[in-house]
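A.B. asks: For 7-59, the entry in TrEMBL reads domain 'Myosin N-terminal SH3-like'. The domain 'Myosin motor' annotation in TrEMBL covers 68-762. The ATP binding site annotation in TrEMBL covers GLY162, GLU163, SER164, GLY165, ALA166, GLY167, LYS168, THR169. Taken from TrEMBL, the feature region 'Disordered' covers 598-633, 1102-1145, 1167-1201. Under the heading compositional bias 'Polar residues', TrEMBL lists 599-612, 1114-1128. Look at TrEMBL and you will find 642-664 tagged as region 'Actin-binding'. Annotated coiled coil per TrEMBL: 914-1097, 1318-1407, in sequence order. Taken from TrEMBL, the feature compositional bias 'Basic and acidic residues' applies to 1134-1145, 1167-1193. According to TrEMBL, the feature domain 'Dilute' maps to 1502-1778.
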Amino acid sequence: MSSSEPFHYARVWIPDPEEVWKSAELLKDYKQGDKVIQLRLEEGKELEYCLDPKTKELPPLRNPDILVGENDLTALSYLHEPAVLHNLRVRFIDSKLIYTYCGIVLVAINPYEQLPIYGEDIINAYSGQNMGDMDPHIFAVAEEAYKQMARDERNQSIIVSGESGAGKTVSAKYAMRYFATVSGSASEANVEEKVLASNPIMESIGNAKTTRNDNSSRFGKYIEIGFDKRYRIIGANMRTYLLEKSRVVFQAEEERNYHIFYQLCASAALPEFKTLRLGNANYFHYTKQGGSPVIDGIDDAKEMVHTRQACSLLGINDSHQMGIFRILAGILHLGNVGFTSRDADSCTIPHKHEPLTIFCDLMGVEYQEMSHWLCHRKLATASETYIKPISKLQAINARDALAKHIYAKLFNWIVDHVNKALHSTVKQHSFIGVLDIYGFETFEINSFEQFCINYANEKLQQQFNMHVFKLEQEEYMKEQIPWTLIDFYDNQPCINLIEAKLGILDLLDEECKMPKGSDDSWAQKLYNTHLKKCALFEKPRMSNKAFIIQHFADKVEYQCEGFLEKNKDTVYEEQIKVLKSSKFKMLSELFQDEEKALSPTSATPSGRTLLSRTAVKPAKAKPGQASKEHKKTVGHQFRNSLHLLMETLNATTPHYVRCIKPNDFKFPFTFDEKRAVQQLRACGVLETIRISAAGFPSRWTYQEFFSRYRVLMKQKDVLSDRKQTCKNLLEKLILDKDKYQFGKTKIFFRAGQVAYLEKIRADKLRVACIRIQKTIRGWLMRKKYLRMRKAAITIQRYVRGYQARCYAKFLRRTRAAILIQKFQRMYVVRKRYHLMRAATIVLQSLLRGYIARNKYQRMLREHKAIIIQKHVRGWLARVRYRRSLKAIVYLQCCYRRMMAKRELKKLKIEARSVERYKKLNIGMENKIMQLQRKVDEQHKDYKSLLEKLTNLETTYNTETEKLRSDVERLRMSEEEAKNATNRVNMLQEEITKLRKELHQTQSEKKTIEEWADKYKQETEQLVSELKEQNTSLKKEKEELNRRIHDQAKEMTETMEKKLVEETKQLELDLNDERLRYQNLLNEFSRLEERYEDLKDEVNLMSIPKPGHKRTDSTHSSNESEYTFSSEITETEDLPLRMEEPSEKKAPLDMSLFLKLQKRVTELEQEKQSLQDELDRKEEQALRTKTREEERPPMRGAELEYESLKRQELESENKKLKNELNELQKALLEKSSPVVTAPGAPAYRVLLDQLTSVSEELDVRKEEVLILRSQLVSQKEAIQPKNTMTDSTILLEDVQKMKDKGEIAQAYIGLKETNRLLESQLQSQKKSHDNELEALRGEIQSLKEENNRQQQLLAQNLQLPPEARIEASLQHEITRLTNENLDLMEQLEKQDKTVRKLKKQLKVFAKKIGELEVGQMENISPGQIIDEPIRPVNIPRKEKDFQGMLEYKKDDEPKLVKNLILDLKPRGVAVNLIPGLPAYILFMCVRHADYLNDDQKVRSLLTSTINGIKKVLKKRGDDFETVSFWLSNTCRFLHCLKQYSGEEGFMKHNTPRQNEHCLTNFDLAEYRQVLSDLAIQIYQQLVRVLENILQPMIVSGMLEHETIQGVSGVKPPGLRKRTSSIADEGTYTLDSIIRQLNTFHSVMCQHGMDPELIKQVVKQTFYITGAVTLNNLLLRKDMCSWSKGMQIRYNVSQLEEWLRDKNLMNSGAKETLEPLIQAAQLLQVKKKTDEDAEAICSMCNALTTAQIVKVLNLYTPVNEFEERVSISFIRTIQMRLRDRKDSPQLLMDAKHIFPVTFPFNPSSLALETIQIPASLGLAFISRV
């Protein structure tokens, strides 16, 4: 069945004079032979459409709505003019899409509005994509050209054509920008910038105002962008065509000459232009003819400035610029030259004619010669030459021809200079040409200009037709379909009519050679030769001076008037010779090559010059040939130039861009159907459609056909062979086998067959839909009935239940009443009983208490009597005992006295005998010793008594003082008592007086009371009134308090919100800062790699010379970057670093520079304070030294050592001070941005010296602290000893002070103690003064801050309220950030001081150990020998490893090679513990730290870092390698933190691990370096991930049908067939998940930190979501309901993967939120305002531009879906207009989240780690 005959309700297109084509619906079936068709228009009007009786052609059928808005017009089922026009209109107006494919042509409609579709993100999205995969775009055409150039190694051309104002230049500019971005070289942007910089120049000399365009380019240009072998841009070359020379001398009404003339006139007042003698544009004949010298909104003076700047950028110096302006001014003055007629055949110029005088002065030629040859010409015959005068009209024409010729030469000269600026010295491998040229032109009056333009377009159209025909033929042959010649329009007859022998150009040249040839005679020749002989040539009915040519686009009527003159374009040789003899050097340069050859640029077709890079070389012949060549006609030269252009295009692969001007009023997104159809016919788009429609325009692959029309098959029809299944189905559906053909991979359909198949499919789906609706409606009604039945049963149940509950309630109430009565009666009786019981108990308690109290009183009296008796009896017994004891003692004394007297007598007798003396002398010595001891004891007792005595004296003195004070107080009280008595007397007198007054007051009181009663009544009334007022005021107060409370609550809430927002903003700023830092690291690593590559290339290119080689100055660049070097190495490396290449230079980071300056000042201040402290310590040391001279010398050697140490410190500090001063001077002298840029030599010197200075200062501080402690210990060792000895002497010899010498000694001791106290007081006073100074400084700073705040407050008060709040918030934010920075700096300083104190403790512990060893050494050998030696049992102990690895310094390269460079990650990850290389490296560092070998530590760490970088550079695209070294770098970093000795990192350590901490070196700086390295590795890992996943994402997430049968395939266009690269195999979602599993397992095997794995997964999911969403936003075929379901299913699978891996808290799911919302947006309803509100609230992760883009791209796949209306999209835009989000359309797929490395300590004990033999580290030994 055919679909060519329309049936009832079919939609057709009918012609319309206003809208060109209108849509209508058929009301009655068409039958063969009907002459009239019944139609209904879309607005409801019915009409009868009459068919053409001759052709009887039916109106064209309209495509199904599902096919409207297709990316490729060839995908339409019905290919004809109305379908193309409607499709373009729908895309342009409804979807805001300006690009559409039409086969191999890209149709670009000028939107007259800036669109966000040309950013770098869009370029990246189109880069590497096939042409049919993405939505139509100029970037897709550019990518296709670039890809084919690289793949086929064939030059390409992009032909951009269209009317003036259609956007040709902009399209060409965007194509060049694409090449500059994707070609990948570093200098490509400079070429594009230069090409774009040439635009102001070319526009000023080649653009003019026309009736259609204010900036119409009046020439065409062909820009060749050159590429090298690596396909990077190296240069460009511009060729220009069709310069409209006639505009120099003539302009139509409302048009202007070229812009440069008006720019010169507008800048005439400039001093440098005074010599040009210019004036207003209305003064010159060449600029006033159009009557419109000014363009609205354009300032010609400013444009002149831009033109001059562009000339300077392109290397046209000031002298050449002034030469150009001088020539242009000369042309203007030449136009004002006037002629006076002498007779009909001659004319003259007035004497000293001012315009000619100025022209001759400017051009440097003789006035007489110029005036003579302007009015005469030289004629040459075979025998003689003679001079002939010319008429006034001929003279004017000759003057205009000369002006045009000069301008063309100048134009050519400027183009040559632009090309020199764009030229590259590198050899060009291939090029892509961009041709920006006029389209077909037809006006009311068409002359020689339009004839040449249309001739050129005929040639281009022929080339275009042949190319399209060739592609069609290739497609048919490729699919092995029988090739039958397709009838297409061949415009070769029209070209023959113009250029063949006896053609129009040939007859024109012949007529120009005739002596009296004219336009009329030429017209007659044309009529005689071609009229009625050529079907394409016609004669107008009403004119004998015009002819009509049937061009490929339309019929054009040309007026013959002026053809001959414009074709001759006569420039007299004598005038040219005058100009050649000019003294003006630049003018003679313009004409110097005229005798050699005539370049195509001098060809002036009807006033337009064709400029070409290739010259037409004439054959060498006779001397007179130059003049003949000069007289060659314009038409002939133009034909030659056009042939050269066609040869160039035929040698390249062409790509076509047709620019369409949608309206003549430049209204944005306004479509004028008449103008659009006119241009579509002229640009060849409809011809392409016609060629496609003539054959088999619709083409499906077998799989696509099967997927689309599977619904038309039964299950038994589906075979395993898809091809045979499709054949069987088509044979059933379409009986006419001529309507389709089966190719090798595709099915080819005639026009209309796809629409017929779509109708059958829609009918089948409609029947199925009705059945589904029937079933669902029945199910819904049954469900409704069951729901009603269930509701009725439920109501019955509840009613019955209610009745039962009411009866039960009655029964409960009755029972409850009985219970209440029972308990009430019981309560009354029980209450009475309790009252009686309580009264009885009270009586009993009172009685019992009375009895108990009486008993207690009796017992108390008895007890007290017994106590009195006891004391009396005891006193009596004691008196009796004392009396008897006294008597006994008296008796004993008497007796003993008597016995003593007797003994005394005996002793006196014995004493007189000698023997007795001898006996006594025997024990005398012993008694003396005993007596001496007794004396000593008595001395001690005397001391104690003396101390008691002094204590008693002090107490006595204090008591006497107290008593004296008491006595004084009593005296005072006595005096007060006397005064008090006097006062009492006075008071009594006053009392009497007061009594009298009292009587008076009582009387007055009565009167007052009476008055008070009255007043009380009045006041009560007032009080009542006031109370009422008070209550009202209270209410108001409460209301106000409530409002104040509410306002305070609101303010607190707002402040809390603001605080939360500010904290979020600060977090974002922190992340941004972290991201910026990591991006800088990334850029630095990229530049470093590039530098290494360049260095390798240089090394390869350079030929090594024999002999000793010097090491490259950048050999240790990494080492100098990450390590601290001494002053000598810094000074040596400084000149070498200055020679590093400029690639490392980057823009100066001012914040970093200011921080460095601040750090320098802090170091200076700290060093100054240390210097002051040293000076103070030296003074104290000198004072102690003077005191020590009086005492015996102590520890002399140590003091000398300390003085030498102090001198060394002083010299080192002076050296550091000098270096810092030199550094500051260098920075002040070289403060340019280049010098101070990161990577610049001064910048590196600054960094190196800062690091070295900080290290030196740290060392010096430690030594100063050690020196200070030793000085204090010396002082404590000297002073206390002397004071203690003096005080002990004073205390011991107090009782022995018998003479003055002892008293003097005591006085000296006291004096010295006083001096010591004075020195301590002075030191305390100094510290107090310092604290005062610091406090004063703080007060001053607070005052300054207060003043600043007051000034800021005053400024804020002057602002409006909104600005005031914003300014205060901004100030608060800056203040908080400054405080945060200060706190961070203080925290860093505290951390440094803590580390220093720890180091000092370690140093002190070490010195104490050394002192103990020294004391042991000082013990004499004799003492050691004398001590008894006991035998000791020494047990054998197993070796206890300390977790260190020892290696020799020479083995370091071997260690790095075996452990880093040659290590295979796969074997290590599988067989050994994770992070083993990191542990081994750290154990080696520990051993170097244990040895206190800083060089070894530095060398090992530097070699490790460089080795990791080399491995990653060599195998940086291997995921396993990058993951392995990221894991090990992080583990190495964690080890350095865990064993650093800092408390924050030691919390989770075991005691054994704490013993393994580093003891000598603080590697915090190296930790930062390793952190930076880890960041670089992470970024490289992300890039590797991206490269692996990139080809999978679009195919797996978007294109692959995970849920089979949901997505419907639409008919593909030609672009899908002609993709650049064949499919390499489709990826599915399972491929992505498998790859994610691989990534995750590899990272887990390598022992990567879990937090880091989460960050990698988050970044991976972000890339997946961003790439998927970007492709969705650029692909109209993917924006459908079914595709939204596919995407949501795919996202759910990814979420399931996250759950399986326990990664849901990694933040990866949140990165997919924009994609999820985009999928939901495709599925939600899009009709009502409620839907719009739901969309706005739902899509908070999408920007407004993205939401609108998705709605614009939404495309129904089936007829049951509806398109999104424009009104709904506008509603969405209105609702989202207040949303502040990025205007960027695409997500940044290259964005990398800032990475962090949370501290993750290891529980692995270092001493347990074994080194496997497979690593080849036998030279390392465990310690």
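Using N, Cα and C of the backbone, Cβ positions are placed for all residues, glycine too.
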A.B. asks: By DSSP, what is the split of the domain 'Myosin N-terminal SH3-like' (7-59) into helix, strand and coil residues?
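C.D. replies: Tallying H, G and I as helix, E and B as strand, the rest coil: 0 helix, 24 strand, 29 coil.
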A.B. asks: Taking the centroid of the Cβ atoms of GLY162, GLU163, SER164, GLY165, ALA166, GLY167, LYS168, THR169 (ATP site), which other same-chain residues have Cβ within 8 Å of it?
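C.D. replies: My list of surrounding residues reads ASN110, ASN213, GLY439, CYS659, LYS661.
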A.B. asks: List the helix, strand and coil residue totals of the region 'Actin-binding' (642-664) as derived from DSSP.
C.D. replies: 9 helix, 8 strand, 6 coil
A.B. asks: Rank the binding-site residues GLY162, GLY165, GLY167 by the number of other Cβ atoms within 10 Å of each Cβ and report the first-ranked residue.
C.D. replies: GLY162
A.B. asks: Express the predicted model's confidence over the domain 'Myosin motor' (68-762) as a mean pLDDT, rounded to an integer.
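C.D. replies: Average per-residue pLDDT within the domain 'Myosin motor' (68-762): 83.
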A.B. asks: Can you tell me how many other Cβ atoms are located within 10 Å of the Cβ belonging to LYS168 (ATP binding site)?
C.D. replies: 27
A.B. asks: Under 8 Å Cβ to Cβ from ALA166 (ATP binding site), same chain, six or more residues apart: give me those in sequence order, or none if nothing qualifies.
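C.D. replies: For ALA166 (ATP binding site), the qualifying residues are ALA108, ASN110, GLY439, CYS659, ILE660, LYS661, GLN679.
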A.B. asks: Does anything in the same chain, at least 6 positions from GLU163 (ATP binding site), have a Cβ under 8 Å from its Cβ, and if so what?
C.D. replies: ARG212, TYR438, GLY439, GLU441, CYS659, LYS661, GLN679
A.B. asks: Quick one: give me the count of other CB atoms within 10 A of the CB of THR169 (ATP binding site).
C.D. replies: 18
A.B. asks: SER164 (ATP binding site) has how many other Cβ neighbours within 10 Å of its own Cβ?
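C.D. replies: There are 18 such Cβ atoms around SER164 (ATP binding site).
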